[in-house]
């Protein structure tokens, strides 16, 4: 049989064409695998956002169905931690998680040694003290991995177990610190024992603020969602004419810092707790961050070059020191204008908190200057 160059070319061309198609196919397959990996990694840091969203809708429906006009019903509504503790954070949580994804997706793909760990440090409170700001400041540190949303594991979801809790955490490598923040932990009776059971070595951070200002800020947040609630003055007193403060109202109760601290000291030594000044976190964020980084035994990476004070917001915004990008400020739920409160009511609250503040100063060895 004679050799035919025509037949030879007919066989060679299809063979080369098939190889090219296979090569393209494998490239596309690799890209799809990488995209799926990134999606799975992202979703693993976010399950509580979906869970929280369901809870928020359920709470909305429950409040709308049962809201009453009486003062007692309003007090119950304001004491509902599910309603007032986590709302208004959606922008910050989603923004924070997206930033974490951008920063860590590629490194997580390349570093297979990363894994999800239970937190070694927790910001346990207090609500409206500055916990969101502190968490965002800490997330600038390369040795910290922190979940943006509030897990509420030790107060609301404890029955789901530690493995559920671990799955909420972002992946971290050896030498990196895993953290979370849930401000209601500090005032929830069962939480100290539960965290101790997880790890007696857990480092605990409490952001505290003038309890009177904190209470007004707490009320302001609630009123932004429920405009028809009674006045701050009415909610503050059991009996206004007698001047009897209502300590069952959560906005007042949270500020009794010394009372709550006694419960924590039954399980953890004072050296495992750090008390951050919410006021100094605004006026001197770099100084407070130096204390926090030392407490966590981390390098002082987050410094004054990372902060830009925003006079319109009234608190510092974050910036990347190596670039000229616009500073990133916390969301619109932060820095709300407080209502004008009767000065006499403010003074009575200051008198009420004074013994609690004095005891707190003595217990912590630090005068926060609120009186």
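Heads up, the Cβ atoms here are built off N, Cα and C, so glycines get one too.
Over in TrEMBL, the protein carries these features:
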ACT_SITE  128  active site, for sulfotransferase activity
BINDING   128, 129, 130, 131, 132, 209, 217, 334, 335, 336, 337, 338  3'-phosphoadenylyl sulfate binding site
DISULFID  317-329  disulfide bond
DOMAIN    119-358  domain 'Sulfotransferase'
TRANSMEM  22-43  transmembrane segment
Problem - C-alpha spacing of residue 128 (active site, for sulfotransferase activity) relative to residue 317 (disulfide bond), in angstrom - result: 17
Practice task
Determine the mean pLDDT over the domain 'Sulfotransferase' (119-358), rounding to the nearest whole number.
Solution key: 92
Completion exercise
Cα-Cα, residue 132 (3'-phosphoadenylyl sulfate binding site) versus residue 329 (disulfide bond), nearest Å, comes out at 11
Completion exercise
In all the protein chains shown, the tally of other Cβ atoms within 10 Å of the Cβ of residue 337 (3'-phosphoadenylyl sulfate binding site) is 7
Problem - Under 8 Å by Cβ from residue 130 (3'-phosphoadenylyl sulfate binding site), counting only residues of that chain that are 6 or more apart - result: 207, 209, 276, 278, 281, 282
Fill in the blank from the handout: For residue 132 (3'-phosphoadenylyl sulfate binding site), the number of neighbouring Cβ atoms whose distance to its own Cβ is within 10 Å equals 24
Handout entry: CB contacts for residue 317 (disulfide bond) [other CB atoms within 10 A, all chains]
Key = 18
Handout entry: Integer Cα-Cα distance in angstrom, the residue listed as 'active site, for sulfotransferase activity' to residue 329 (disulfide bond)
Key = 17
Completion exercise
One should report the C-alpha separation between residue 329 (disulfide bond) and residue 337 (3'-phosphoadenylyl sulfate binding site), rounded to whole angstrom, as 17
